[in-house]
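J.: The heme binding site annotation in Swiss-Prot covers 450. Residues or ranges marked as N-linked glycosylation site by Swiss-Prot on the basis of sequence analysis: 188, 351. Under the heading signal peptide, Swiss-Prot lists 1-23, citing sequence analysis as support.
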(Lines of atoms letter the chains of each structure in order from A and count residues from 1; the text may use other names and numbers.)
(Lines give C-alpha, C1' and ligand atoms only; values in the text may rest on other atoms or scores of the structure.)
Protein backbone atom coordinates (compact mmCIF):
# COMPACT_ATOMS: atom_id res chain seq x y z
CA UNK A 1 0.00 0.00 0.00
CA UNK A 2 2.75 2.56 0.84
CA UNK A 3 4.39 1.73 -2.50
CA UNK A 4 1.15 2.45 -4.37
CA UNK A 5 0.75 5.75 -2.50
CA UNK A 6 4.34 6.65 -3.32
CA UNK A 7 3.84 5.95 -7.02
CA UNK A 8 0.59 7.93 -7.02
CA UNK A 9 2.27 10.82 -5.22
CA UNK A 10 5.19 10.83 -7.68
CA UNK A 11 2.78 10.79 -10.61
CA UNK A 12 0.87 13.74 -9.17
CA UNK A 13 4.08 15.72 -8.73
CA UNK A 14 5.10 14.94 -12.31
CA UNK A 15 1.73 16.10 -13.64
CA UNK A 16 1.92 19.29 -11.58
CA UNK A 17 5.44 20.04 -12.82
CA UNK A 18 4.32 19.46 -16.40
CA UNK A 19 1.33 21.77 -15.98
CA UNK A 20 3.49 24.44 -14.35
CA UNK A 21 6.00 24.22 -17.19
CA UNK A 22 3.24 24.56 -19.78
CA UNK A 23 1.77 27.49 -17.88
CA UNK A 24 5.18 29.18 -17.78
CA UNK A 25 5.58 28.72 -21.53
CA UNK A 26 2.10 30.15 -22.17
CA UNK A 27 2.73 33.12 -19.88
CA UNK A 28 6.13 33.84 -21.43
CA UNK A 29 4.75 33.55 -24.97
CA UNK A 30 1.81 35.80 -24.11
CA UNK A 31 4.18 38.34 -22.55
CA UNK A 32 6.33 38.36 -25.67
CA UNK A 33 3.29 38.74 -27.90
CA UNK A 34 2.11 41.72 -25.89
CA UNK A 35 5.58 43.24 -25.55
CA UNK A 36 6.18 43.30 -29.32
CA UNK A 37 2.58 43.52 -30.55
CA UNK A 38 3.21 46.93 -32.17
CA UNK A 39 6.00 45.58 -34.42
CA UNK A 40 4.67 43.84 -37.56
CA UNK A 41 5.89 40.52 -38.87
CA UNK A 42 4.79 36.99 -39.80
CA UNK A 43 2.57 35.37 -37.17
CA UNK A 44 4.85 32.35 -36.78
CA UNK A 45 7.78 34.68 -36.05
CA UNK A 46 5.86 36.11 -33.10
CA UNK A 47 5.50 32.80 -31.31
CA UNK A 48 8.67 30.88 -32.18
CA UNK A 49 12.25 31.38 -33.36
CA UNK A 50 12.00 28.13 -35.32
CA UNK A 51 10.37 29.80 -38.33
CA UNK A 52 13.30 32.09 -39.14
CA UNK A 53 15.68 29.25 -38.23
CA UNK A 54 14.02 27.16 -40.94
CA UNK A 55 15.11 29.70 -43.55
CA UNK A 56 18.56 29.75 -41.99
CA UNK A 57 18.77 25.98 -42.52
CA UNK A 58 17.56 26.46 -46.11
CA UNK A 59 20.34 29.04 -46.59
CA UNK A 60 17.75 31.71 -47.38
CA UNK A 61 17.54 33.73 -44.16
CA UNK A 62 18.86 37.12 -45.44
CA UNK A 63 16.75 36.95 -48.60
CA UNK A 64 13.63 35.97 -46.63
CA UNK A 65 14.08 38.75 -44.07
CA UNK A 66 14.46 41.28 -46.92
CA UNK A 67 11.23 39.91 -48.43
CA UNK A 68 9.45 40.44 -45.10
CA UNK A 69 10.63 44.04 -45.10
CA UNK A 70 9.01 44.58 -48.49
CA UNK A 71 5.81 43.12 -47.06
CA UNK A 72 5.72 44.61 -43.54
CA UNK A 73 7.89 47.73 -43.68
CA UNK A 74 11.15 48.96 -42.12
CA UNK A 75 10.65 47.22 -38.75
CA UNK A 76 9.91 43.49 -38.69
CA UNK A 77 9.73 41.03 -35.82
CA UNK A 78 11.60 37.96 -37.08
CA UNK A 79 11.50 35.92 -33.84
CA UNK A 80 10.40 36.42 -30.23
CA UNK A 81 12.68 39.16 -28.92
CA UNK A 82 14.33 39.73 -32.32
CA UNK A 83 13.72 42.61 -34.73
CA UNK A 84 15.14 43.38 -38.17
CA UNK A 85 15.33 46.97 -39.41
CA UNK A 86 15.75 48.59 -42.82
CA UNK A 87 15.25 52.19 -41.71
CA UNK A 88 18.42 54.22 -42.37
CA UNK A 89 18.19 56.41 -39.29
CA UNK A 90 17.51 53.43 -37.04
CA UNK A 91 20.41 51.51 -38.60
CA UNK A 92 22.85 54.33 -37.98
CA UNK A 93 21.70 54.73 -34.39
CA UNK A 94 21.84 50.97 -33.77
CA UNK A 95 25.49 50.67 -34.85
CA UNK A 96 26.71 54.05 -33.60
CA UNK A 97 29.49 54.40 -31.04
CA UNK A 98 27.19 56.34 -28.73
CA UNK A 99 24.67 53.46 -28.51
CA UNK A 100 27.32 50.99 -27.28
CA UNK A 101 25.09 48.04 -28.10
CA UNK A 102 26.93 44.73 -27.59
CA UNK A 103 26.89 41.95 -30.17
CA UNK A 104 24.50 39.03 -29.70
CA UNK A 105 25.22 35.44 -28.74
CA UNK A 106 25.38 34.59 -32.46
CA UNK A 107 29.02 35.68 -32.36
CA UNK A 108 29.85 32.92 -29.89
CA UNK A 109 29.98 30.76 -33.02
CA UNK A 110 33.23 32.52 -33.95
CA UNK A 111 35.29 31.72 -30.87
CA UNK A 112 38.64 30.13 -31.63
CA UNK A 113 40.93 28.60 -29.00
CA UNK A 114 38.50 29.81 -26.31
CA UNK A 115 39.37 33.43 -27.09
CA UNK A 116 37.58 36.28 -28.81
CA UNK A 117 39.13 37.95 -31.81
CA UNK A 118 38.01 41.50 -32.65
CA UNK A 119 35.13 40.23 -34.78
CA UNK A 120 33.73 37.99 -32.02
CA UNK A 121 34.16 40.53 -29.20
CA UNK A 122 30.65 41.23 -27.96
CA UNK A 123 31.08 44.11 -25.51
CA UNK A 124 31.62 47.62 -26.84
CA UNK A 125 34.56 48.52 -24.60
CA UNK A 126 36.32 45.20 -25.18
CA UNK A 127 35.94 45.63 -28.92
CA UNK A 128 37.19 49.22 -28.82
CA UNK A 129 40.29 48.18 -26.89
CA UNK A 130 41.18 45.31 -29.24
CA UNK A 131 40.42 47.31 -32.36
CA UNK A 132 42.65 50.11 -31.13
CA UNK A 133 45.60 47.71 -31.01
CA UNK A 134 45.56 46.92 -34.74
CA UNK A 135 43.46 49.58 -36.49
CA UNK A 136 46.46 51.58 -37.74
CA UNK A 137 47.82 48.45 -39.45
CA UNK A 138 44.67 48.17 -41.59
CA UNK A 139 44.43 51.84 -42.56
CA UNK A 140 44.69 52.65 -46.27
CA UNK A 141 47.91 54.59 -45.70
CA UNK A 142 49.42 51.40 -44.28
CA UNK A 143 48.18 48.65 -46.62
CA UNK A 144 48.88 50.71 -49.75
CA UNK A 145 52.60 50.91 -48.95
CA UNK A 146 54.98 49.05 -51.32
CA UNK A 147 55.90 46.28 -48.87
CA UNK A 148 52.28 45.09 -48.85
CA UNK A 149 51.15 46.29 -52.27
CA UNK A 150 54.00 44.86 -54.36
CA UNK A 151 53.60 41.19 -53.29
CA UNK A 152 49.89 41.59 -54.02
CA UNK A 153 50.61 42.94 -57.51
CA UNK A 154 52.87 39.94 -58.11
CA UNK A 155 49.96 37.67 -57.20
CA UNK A 156 47.69 39.51 -59.62
CA UNK A 157 50.12 38.62 -62.40
CA UNK A 158 50.29 35.02 -61.15
CA UNK A 159 46.49 34.83 -61.23
CA UNK A 160 46.46 36.15 -64.81
CA UNK A 161 48.90 33.39 -65.78
CA UNK A 162 46.56 30.83 -64.19
CA UNK A 163 43.66 32.20 -66.21
CA UNK A 164 45.71 32.05 -69.43
CA UNK A 165 46.66 28.43 -68.70
CA UNK A 166 43.01 27.56 -68.13
CA UNK A 167 41.95 29.31 -71.34
CA UNK A 168 44.39 27.17 -73.31
CA UNK A 169 43.40 23.99 -71.48
CA UNK A 170 39.66 24.52 -71.99
CA UNK A 171 40.04 24.97 -75.74
CA UNK A 172 36.95 27.18 -75.77
CA UNK A 173 38.15 30.10 -73.68
CA UNK A 174 35.86 29.23 -70.75
CA UNK A 175 37.31 29.48 -67.24
CA UNK A 176 35.79 29.00 -63.80
CA UNK A 177 37.33 32.06 -62.17
CA UNK A 178 35.99 31.54 -58.65
CA UNK A 179 38.64 29.04 -57.46
CA UNK A 180 41.41 31.19 -58.97
CA UNK A 181 40.01 34.23 -57.18
CA UNK A 182 39.79 32.21 -53.97
CA UNK A 183 43.44 31.15 -54.26
CA UNK A 184 44.44 34.76 -54.95
CA UNK A 185 42.50 36.05 -51.93
CA UNK A 186 43.89 33.28 -49.72
CA UNK A 187 47.50 33.98 -50.66
CA UNK A 188 46.99 37.71 -50.07
CA UNK A 189 45.36 37.10 -46.70
CA UNK A 190 48.02 34.70 -45.47
CA UNK A 191 50.68 37.18 -46.57
CA UNK A 192 49.05 39.91 -44.50
CA UNK A 193 48.69 37.59 -41.51
CA UNK A 194 52.10 35.85 -41.55
CA UNK A 195 54.18 38.02 -43.88
CA UNK A 196 55.19 37.28 -47.50
CA UNK A 197 57.92 34.79 -46.52
CA UNK A 198 55.41 32.55 -44.76
CA UNK A 199 52.31 33.01 -46.90
CA UNK A 200 50.48 30.23 -48.72
CA UNK A 201 51.20 29.30 -52.35
CA UNK A 202 47.78 28.31 -53.68
CA UNK A 203 48.23 30.32 -56.88
CA UNK A 204 51.59 28.68 -57.50
CA UNK A 205 50.10 25.20 -57.35
CA UNK A 206 50.08 24.06 -53.72
CA UNK A 207 47.43 21.34 -53.93
CA UNK A 208 47.11 21.09 -50.14
CA UNK A 209 46.09 24.75 -49.96
CA UNK A 210 43.71 24.39 -52.90
CA UNK A 211 42.10 21.29 -51.43
CA UNK A 212 41.68 22.97 -48.05
CA UNK A 213 39.98 26.01 -49.58
CA UNK A 214 37.55 23.90 -51.59
CA UNK A 215 36.61 21.92 -48.48
CA UNK A 216 36.15 25.12 -46.46
CA UNK A 217 33.52 26.30 -48.95
CA UNK A 218 31.68 22.99 -48.71
CA UNK A 219 31.94 23.11 -44.93
CA UNK A 220 30.34 26.55 -44.82
CA UNK A 221 27.28 25.18 -46.58
CA UNK A 222 26.62 23.19 -43.40
CA UNK A 223 27.20 26.15 -41.08
CA UNK A 224 23.54 26.75 -40.25
CA UNK A 225 23.03 23.09 -39.31
CA UNK A 226 26.14 23.16 -37.15
CA UNK A 227 25.07 26.36 -35.33
CA UNK A 228 21.36 25.60 -34.93
CA UNK A 229 21.27 21.80 -34.65
CA UNK A 230 24.65 20.70 -33.25
CA UNK A 231 23.45 17.20 -32.30
CA UNK A 232 22.02 16.64 -35.77
CA UNK A 233 25.24 17.96 -37.30
CA UNK A 234 27.29 15.53 -35.21
CA UNK A 235 25.09 12.69 -36.44
CA UNK A 236 25.54 13.77 -40.06
CA UNK A 237 29.32 13.94 -39.59
CA UNK A 238 29.35 10.45 -38.14
CA UNK A 239 27.15 9.05 -40.91
CA UNK A 240 29.30 10.59 -43.65
CA UNK A 241 32.48 9.35 -41.97
CA UNK A 242 31.09 5.80 -41.78
CA UNK A 243 29.79 5.87 -45.36
CA UNK A 244 32.96 7.32 -46.90
CA UNK A 245 35.34 5.67 -44.43
CA UNK A 246 36.97 9.06 -44.01
CA UNK A 247 36.57 12.12 -41.77
CA UNK A 248 37.95 14.43 -44.45
CA UNK A 249 34.62 15.82 -45.70
CA UNK A 250 33.92 17.74 -42.48
CA UNK A 251 37.50 18.22 -41.30
CA UNK A 252 38.27 21.45 -43.17
CA UNK A 253 37.92 23.72 -40.13
CA UNK A 254 40.15 21.49 -38.00
CA UNK A 255 42.66 21.25 -40.84
CA UNK A 256 42.71 25.03 -41.21
CA UNK A 257 43.40 25.35 -37.50
CA UNK A 258 46.32 22.90 -37.71
CA UNK A 259 47.68 24.62 -40.81
CA UNK A 260 47.49 28.03 -39.13
CA UNK A 261 49.21 26.88 -35.95
CA UNK A 262 52.04 25.27 -37.92
CA UNK A 263 52.48 28.46 -39.95
CA UNK A 264 52.38 30.55 -36.76
CA UNK A 265 55.17 28.45 -35.25
CA UNK A 266 57.32 28.85 -38.37
CA UNK A 267 56.71 32.59 -38.45
CA UNK A 268 57.49 33.24 -34.80
CA UNK A 269 60.56 31.00 -34.97
CA UNK A 270 61.99 32.91 -37.92
CA UNK A 271 63.99 35.96 -36.72
CA UNK A 272 63.87 37.52 -40.18
CA UNK A 273 60.08 37.63 -40.28
CA UNK A 274 59.92 39.41 -36.93
CA UNK A 275 62.37 42.08 -38.07
CA UNK A 276 61.83 42.69 -41.77
CA UNK A 277 58.15 42.02 -42.48
CA UNK A 278 54.95 43.75 -41.51
CA UNK A 279 52.21 41.29 -40.62
CA UNK A 280 49.45 40.76 -38.09
CA UNK A 281 51.58 38.21 -36.27
CA UNK A 282 54.52 40.59 -36.13
CA UNK A 283 52.27 43.42 -34.89
CA UNK A 284 50.74 41.41 -32.04
CA UNK A 285 54.11 39.94 -31.07
CA UNK A 286 55.54 43.46 -30.93
CA UNK A 287 52.68 44.58 -28.67
CA UNK A 288 53.32 41.63 -26.36
CA UNK A 289 57.01 42.40 -26.18
CA UNK A 290 56.13 45.94 -25.15
CA UNK A 291 54.05 44.82 -22.20
CA UNK A 292 50.56 44.32 -23.61
CA UNK A 293 48.91 41.38 -21.80
CA UNK A 294 47.83 39.52 -24.94
CA UNK A 295 47.58 35.75 -24.50
CA UNK A 296 48.67 33.06 -26.93
CA UNK A 297 45.00 32.13 -27.31
CA UNK A 298 44.12 35.68 -28.36
CA UNK A 299 46.91 35.72 -30.96
CA UNK A 300 45.74 32.36 -32.32
CA UNK A 301 42.09 33.42 -32.45
CA UNK A 302 42.94 36.63 -34.29
CA UNK A 303 44.98 34.69 -36.84
CA UNK A 304 42.23 32.17 -37.58
CA UNK A 305 39.52 34.83 -37.71
CA UNK A 306 41.51 36.89 -40.23
CA UNK A 307 42.18 33.81 -42.36
CA UNK A 308 38.47 33.04 -42.55
CA UNK A 309 37.21 36.57 -43.06
CA UNK A 310 39.90 37.90 -45.37
CA UNK A 311 39.78 35.24 -48.04
CA UNK A 312 36.01 34.73 -47.92
CA UNK A 313 35.05 38.40 -48.23
CA UNK A 314 37.35 39.12 -51.16
CA UNK A 315 36.44 35.88 -52.93
CA UNK A 316 32.73 36.70 -52.93
CA UNK A 317 33.13 40.41 -53.69
CA UNK A 318 35.59 39.90 -56.55
CA UNK A 319 33.67 36.99 -58.06
CA UNK A 320 30.54 39.13 -58.27
CA UNK A 321 32.45 42.13 -59.62
CA UNK A 322 33.70 40.20 -62.67
CA UNK A 323 30.30 38.49 -62.98
CA UNK A 324 28.47 41.82 -63.26
CA UNK A 325 30.99 43.25 -65.71
CA UNK A 326 30.69 40.08 -67.80
CA UNK A 327 26.91 40.38 -67.74
CA UNK A 328 26.99 44.07 -68.70
CA UNK A 329 29.28 44.50 -71.74
CA UNK A 330 28.59 48.23 -72.01
CA UNK A 331 29.98 48.90 -68.56
CA UNK A 332 32.82 46.48 -69.19
CA UNK A 333 33.84 48.55 -72.21
CA UNK A 334 33.56 51.76 -70.18
CA UNK A 335 35.89 50.34 -67.53
CA UNK A 336 38.33 49.23 -70.24
CA UNK A 337 38.36 52.68 -71.81
CA UNK A 338 39.10 54.19 -68.41
CA UNK A 339 41.88 51.67 -67.74
CA UNK A 340 43.45 52.35 -71.15
CA UNK A 341 43.98 55.96 -70.11
CA UNK A 342 45.89 55.15 -66.92
CA UNK A 343 49.71 55.14 -66.75
CA UNK A 344 51.38 51.80 -66.01
CA UNK A 345 54.02 50.87 -63.48
CA UNK A 346 57.03 48.70 -64.30
CA UNK A 347 55.03 45.47 -63.88
CA UNK A 348 52.54 46.56 -66.54
CA UNK A 349 49.69 47.08 -64.08
CA UNK A 350 48.07 50.50 -63.55
CA UNK A 351 49.47 52.92 -61.02
CA UNK A 352 47.51 52.26 -57.83
CA UNK A 353 47.02 55.87 -56.74
CA UNK A 354 45.36 56.73 -60.04
CA UNK A 355 43.50 53.42 -60.31
CA UNK A 356 41.96 53.95 -56.90
CA UNK A 357 40.55 57.28 -58.13
CA UNK A 358 39.09 55.89 -61.37
CA UNK A 359 35.40 56.86 -61.11
CA UNK A 360 33.84 54.36 -63.52
CA UNK A 361 35.62 51.39 -61.95
CA UNK A 362 34.63 52.64 -58.50
CA UNK A 363 30.98 53.01 -59.54
CA UNK A 364 30.88 49.50 -61.05
CA UNK A 365 32.38 47.93 -57.94
CA UNK A 366 29.95 49.84 -55.72
CA UNK A 367 27.03 48.51 -57.73
CA UNK A 368 28.36 44.98 -57.37
CA UNK A 369 28.71 45.46 -53.60
CA UNK A 370 25.17 46.82 -53.47
CA UNK A 371 23.52 44.01 -55.40
CA UNK A 372 25.53 41.19 -53.82
CA UNK A 373 26.58 41.91 -50.23
CA UNK A 374 29.63 39.99 -49.06
CA UNK A 375 28.21 38.68 -45.77
CA UNK A 376 25.03 37.27 -44.26
CA UNK A 377 23.89 40.57 -42.78
CA UNK A 378 23.54 39.09 -39.29
CA UNK A 379 25.24 42.01 -37.56
CA UNK A 380 23.08 41.45 -34.49
CA UNK A 381 23.16 43.81 -31.52
CA UNK A 382 21.50 43.54 -28.11
CA UNK A 383 19.89 46.86 -27.21
CA UNK A 384 21.65 48.25 -24.16
CA UNK A 385 18.60 50.36 -23.30
CA UNK A 386 15.01 50.97 -24.35
CA UNK A 387 15.13 52.67 -27.75
CA UNK A 388 12.72 54.61 -29.90
CA UNK A 389 13.19 54.91 -33.64
CA UNK A 390 10.60 57.38 -34.88
CA UNK A 391 7.25 55.94 -33.82
CA UNK A 392 8.65 52.48 -33.09
CA UNK A 393 9.62 51.57 -29.54
CA UNK A 394 11.95 48.58 -29.07
CA UNK A 395 12.60 47.42 -25.50
CA UNK A 396 15.98 46.83 -23.90
CA UNK A 397 17.66 43.44 -24.49
CA UNK A 398 15.95 42.97 -27.86
CA UNK A 399 18.25 41.48 -30.51
CA UNK A 400 18.23 43.89 -33.45
CA UNK A 401 20.01 43.74 -36.81
CA UNK A 402 19.85 45.69 -40.05
CA UNK A 403 18.92 43.92 -43.28
CA UNK A 404 21.68 44.80 -45.73
CA UNK A 405 19.70 43.42 -48.66
CA UNK A 406 16.61 45.46 -47.77
CA UNK A 407 18.67 48.64 -47.42
CA UNK A 408 20.52 48.03 -50.69
CA UNK A 409 17.30 47.34 -52.62
CA UNK A 410 15.06 50.01 -51.10
CA UNK A 411 13.09 51.48 -54.07
CA UNK A 412 12.70 54.78 -52.20
CA UNK A 413 16.48 55.21 -52.33
CA UNK A 414 17.55 53.31 -55.45
CA UNK A 415 15.73 53.80 -58.76
CA UNK A 416 15.16 50.35 -60.31
CA UNK A 417 17.03 48.81 -57.37
CA UNK A 418 17.70 45.40 -58.95
CA UNK A 419 19.36 46.92 -62.01
CA UNK A 420 23.15 47.06 -62.28
CA UNK A 421 23.47 50.77 -62.98
CA UNK A 422 26.78 52.48 -62.14
CA UNK A 423 25.32 55.63 -63.67
CA UNK A 424 23.43 56.24 -60.41
CA UNK A 425 26.81 56.94 -58.75
CA UNK A 426 28.46 58.76 -61.66
CA UNK A 427 25.65 61.24 -62.35
CA UNK A 428 24.68 61.92 -58.74
CA UNK A 429 25.25 65.32 -57.17
CA UNK A 430 27.30 65.50 -53.94
CA UNK A 431 24.07 65.66 -51.92
CA UNK A 432 22.66 62.66 -53.79
CA UNK A 433 25.88 60.71 -53.18
CA UNK A 434 25.51 61.35 -49.45
CA UNK A 435 21.90 60.14 -49.60
CA UNK A 436 22.91 56.93 -51.39
CA UNK A 437 25.83 56.29 -49.07
CA UNK A 438 23.58 56.50 -46.02
CA UNK A 439 21.86 53.31 -47.24
CA UNK A 440 25.04 51.65 -48.52
CA UNK A 441 26.69 49.35 -45.96
CA UNK A 442 28.69 46.61 -47.78
CA UNK A 443 31.36 46.65 -45.06
CA UNK A 444 29.06 47.45 -42.15
CA UNK A 445 28.66 50.76 -40.39
CA UNK A 446 29.81 52.61 -37.31
CA UNK A 447 32.24 51.52 -34.63
CA UNK A 448 32.55 48.01 -36.05
CA UNK A 449 33.12 48.86 -39.70
CA UNK A 450 35.16 46.11 -41.37
CA UNK A 451 38.85 46.65 -40.65
CA UNK A 452 39.90 45.00 -43.91
CA UNK A 453 37.97 47.34 -46.22
CA UNK A 454 41.03 49.11 -47.68
CA UNK A 455 42.92 45.85 -48.26
CA UNK A 456 39.85 44.28 -49.89
CA UNK A 457 39.43 47.22 -52.28
CA UNK A 458 43.12 47.03 -53.22
CA UNK A 459 42.81 43.34 -54.11
CA UNK A 460 39.58 43.75 -56.03
CA UNK A 461 40.53 46.78 -58.11
CA UNK A 462 43.96 45.46 -59.05
CA UNK A 463 42.52 42.11 -60.17
CA UNK A 464 39.71 43.71 -62.20
CA UNK A 465 42.19 46.11 -63.81
CA UNK A 466 44.49 43.25 -64.81
CA UNK A 467 41.72 41.21 -66.44
CA UNK A 468 40.07 44.00 -68.40
CA UNK A 469 43.30 45.60 -69.54
CA UNK A 470 43.92 42.45 -71.56
CA UNK A 471 40.67 40.54 -72.09
CA UNK A 472 36.96 40.82 -72.72
CA UNK A 473 34.76 38.49 -70.69
CA UNK A 474 31.23 37.21 -71.08
CA UNK A 475 29.08 34.70 -69.29
CA UNK A 476 29.44 31.12 -70.47
CA UNK A 477 25.65 31.05 -70.86
CA UNK A 478 24.42 34.52 -71.91
CA UNK A 479 21.88 35.98 -69.50
CA UNK A 480 22.53 33.46 -66.75
CA UNK A 481 22.17 34.65 -63.16
CA UNK A 482 24.37 33.86 -60.19
CA UNK A 483 22.31 33.97 -57.02
CA UNK A 484 23.70 33.86 -53.49
CA UNK A 485 23.23 31.45 -50.66
CA UNK A 486 22.26 32.92 -47.30
CA UNK A 487 25.41 31.57 -45.65
CA UNK A 488 27.69 33.58 -43.36
CA UNK A 489 29.89 34.58 -46.30
CA UNK A 490 27.02 34.81 -48.84
CA UNK A 491 28.60 32.30 -51.22
CA UNK A 492 27.45 32.08 -54.86
CA UNK A 493 25.14 29.16 -55.56
CA UNK A 494 27.03 26.38 -57.27
CA UNK A 495 30.35 27.74 -55.95
CA UNK A 496 31.50 28.63 -59.46
CA UNK A 497 31.61 31.50 -61.94
CA UNK A 498 32.30 30.34 -65.49
CA UNK A 499 33.31 33.12 -67.87
CA UNK A 500 34.22 33.14 -71.55
CA UNK A 501 37.48 35.00 -72.24
CA UNK A 502 38.49 36.70 -75.48
CA UNK A 503 41.70 38.66 -75.93
CA UNK A 504 41.13 42.34 -76.67
CA UNK A 505 42.15 43.56 -80.12
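Just so it is clear, glycine is given a Cβ too, placed from its N, Cα and C backbone atoms.
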J.: Determine the minimum-neighbour residue: among 188, 351, listed as glycosylation sites, which Cβ has the fewest other Cβ atoms within 10 angstroms?
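T.: Counting other Cβ atoms within 10 Å of each of the glycosylation sites 188, 351, the minimum falls on 351.
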J.: Determine, to the nearest whole angstrom, how far the Cα atom of residue 450 (heme binding site) is from the Cα atom of residue 188 (N-linked glycosylation site).
T.: 17
J.: Please report the distance from the Cα of residue 188 (N-linked glycosylation site) to the Cα of residue 351 (N-linked glycosylation site), rounded to the nearest angstrom.
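T.: The separation of the Cα atoms works out to 19 Å.
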J.: Count the Cβ atoms, other than its own, that fall within 10 Å of the Cβ of the residue listed as 'heme binding site', considering every protein chain shown.
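T.: Looking across every protein chain shown, the total is 19.
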J.: When DSSP is mapped onto helix/strand/coil, what comes out for residue 188 (N-linked glycosylation site)?
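T.: Where residue 188 (N-linked glycosylation site) sits, the three-state DSSP reduction gives helix.
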